[in-house]
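Notes follow once the structure below has been shown.
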Amino acid sequence: MSVFLWLAEIKRRVPMHSPRSFLSRVGPLSKPGLLPWCATKHPGWSKLFLGSACGGNFTNVITKKCQRGQKSQKKPSYLGPLDSSWQERLADVVTPLWRLSYEEQLKPVINGYRNKSTFSVNRGPDGNPKTVGYYLGTWRDRSIVCVRSNHLKNIPEKHSQVAQYYEVFLRQSPLEPCLLFHEGGYWRELIVRTNSQGHTMAIITFHPQELKQEELGVQKEAIKKFFTTGPGAVCDLTSLYFQESTVTRCSHQQSPYQLLFGEPHLFEDLLGLKIRISPDAFFQINTAGAEVLYRTVGELSRVNSNTILLDICCGTGVIGLSLAQYASQILGIELVEQAVEDARWTAAFNGITNCEFHTGRAEKILPQLLKSKEDGQVIAVVNPARAGLHYQVVRAIRNCRAIHTLIFVSCKPHGEATRNIIELCCPPDLAKKLLGEPFVLRKAVPVDLFPHTPHCELVLLFTR
């Protein structure tokens, strides 16, 4: 999770040293020139922070967030000499509650919290190619085995039930599964989405191969009948979608989701809003955790009536919509067209009139959108995928003088996001066309959306 977690102010907001003096006293960062506000050249941040800062054992430090039943220890008021457990000191700064069980912390939903699960189809331990579950092994070693997920703590029982019955259907179907595209086969992965009311959407992915439309219709009718009047009816699906796909991932624009029966959307209640969710739309996989995440963004952003909030990679628009009552205007940008349609519907249904949502690539839309906002007071929120932000988006944010505050939400801050952060914080660089004043990291707040795993969402506050 990189050094940015060292500045974390987790739920209790424990006071600590100023970020600059704190970081300057810590081992590898005490050397002049390694901090964003004084660097002229950037070291290999990810390697430096994850290796040196964590004593070469980053995973062990972070996975302590799942420990249970241990007594809390008072956080030290100063770092002191580096002669005791480096891992424990880092854990005390990053996760002050790491010695407590989850029940003693915030009482979150820690089991069955996923509202979306993707199940693969492949050979199981018994060699049956019509097994539905999760992969073990690697493609490189040709050791892939598909194992049922019933025992996983983060998967809801409803998701496992739908996967189990999909497996029943596959094993009675005359068509083979598509394990590798070049080997043929038809039936592919299953996606299950649920909301807090228990409504369930299932999406079946199917490789059409050379089937004619009439033959495809037979298969669609078969899976529909199985889940409406057959054995799968026990799953009580709210909707069933079917998507024909000849590639690994396929958007609605590339190949439309075909509704076989039921309601076209799921709806979720979040932060006082009724949110619409399409099959292709991004929505945080932990609904209860998402509320904590979005509240954290709101607290850090300090949006006011003079603020234009720019929500980049906005998904269904929840961040902007939840803050619309405090802002002058909300401008959202999202690549997935269905998600933008959901955001517009949600705004209209909830009576929100100061929001605009734009469909397309942020690197193309953002520069033009910002031209008219140069004299405004703009706060930007970015919530990119694991691949991080396109360099043109970073450049547009950096060069827009009106953006004085930036909230960066990352599920993988030690990956490509590190490159984005360096470019946001580095001195002006004519070669890269980074001409605006650099941002300075002020706070980093991890939000645990993924219990039982070493992962967290990280909310970073930058100002300039």
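Note: Cβ is positioned from N, Cα and C throughout, glycine not excepted.
Just so you know, TrEMBL annotations are computer predictions that nobody has curated.
Taken from TrEMBL, the feature S-adenosyl-L-methionine binding site covers GLN284, GLU334, ASN383. As annotated by TrEMBL, domain 'Methyltransferase' applies to 304-373. Annotation source TrEMBL lists active site, nucleophile at CYS411.
With helix defined as DSSP H, G or I and strand as E or B, the domain 'Methyltransferase' (304-373) counts 32 helix, 17 strand, 21 coil.
Long-range neighbours of GLN284 (S-adenosyl-L-methionine binding site) (same chain, six or more residues apart, CB within less than 8 Å of its CB): ALA290, LEU293, LEU449, GLU457. Neighbour density for CYS411 (active site, nucleophile): within 10 A of its CB lie 18 other CB atoms from the protein chains shown.
Across the annotated binding residues for S-adenosyl-L-methionine (GLN284, GLU334, ASN383), the two most widely spaced Cα atoms sit 15 Å apart. Cβ atoms within 8 Å of the centroid of the Cβ atoms of GLN284, GLU334, ASN383 (the S-adenosyl-L-methionine site) belong to the same-chain residues PHE282, PHE283, CYS313, CYS314, GLY315, THR316, VAL318, ILE319, VAL409, site residues excluded.
Taking only the Cα positions, the spacing between ASN383 (S-adenosyl-L-methionine binding site) and CYS411 (active site, nucleophile) is 9 angstrom. Counting in whole angstrom, CYS411 (active site, nucleophile) lies 18 from GLU334 (S-adenosyl-L-methionine binding site) by their C-alpha atoms. Of the listed binding-site residues GLU334, ASN383, the Cβ environment within 10 Å is emptiest of other Cβ atoms at ASN383.
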